[in-house]
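Quick look at what TrEMBL annotates:
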DOMAIN    5-138  domain 'Peptidase S54 rhomboid'
TRANSMEM  14-34  transmembrane segment
TRANSMEM  46-64  transmembrane segment
TRANSMEM  70-88  transmembrane segment
TRANSMEM  100-116  transmembrane segment
TRANSMEM  150-169  transmembrane segment
């Protein structure tokens, strides 16, 4: 989908979730972690960190994760990145209050992401790094250091550009699964059911369990007389 020019999906994917449970867990995390980050950085900086981290997570997912992904997890990990940046700037306060818990939660989630195939760890790590850099970029209220902020902006731009370049140039390695899903959806709308079956047959052997479920659910929309 990204290769097809639909760049807005980098942003809109932050607001889409795969099921009610996925949405509920992310909103619960946003309530607790977001409230803390907002108190430290202020409303405007909080929003900037959240969206910049979400964009970084989405682009990291595009570059490194061959499967379809959605959710606010990249942006949420960016909020943890903001707390880690706070910990570097104010280590005594950080470790006396929340430091150990924050580090434990981050490590636990990353390890869990590597252990479970359906978890988009690329978005998580990309969002974590993006949130850290975004916090460096916006700094704290009444604590602007403009040279450092410009350096942070340059680092963020470099990371985004590098991930985009890598993702675009490695579409063959990623098997282009995003495009296959989009093609199936387009063919269903055009009622070209035989082609839907052909693409599904080609894609399923290479897809993970999560992507297989998406393809099968789309294929089942074909009339029964078409399904082989």
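The backbone N, Cα and C atoms fix where each Cβ goes, glycine too.
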Legend entry - Residues from the same chain, set at least six apart from the ends of the transmembrane segment (70-88), whose C-beta lies under 8 A from its own: 13-18, 22, 26, 29-30, 33-34, 36-37, 40-41, 49-54, 56-58, 60-61, 94-95, 98-99, 102-103, 105-106, 109, 120, 123-136, 140
Inset, instruction - Could you tell me how many residues in the domain 'Peptidase S54 rhomboid' (5-138) are helical, how many are strand and how many are coil under DSSP? - result: 110 helix, 0 strand, 24 coil
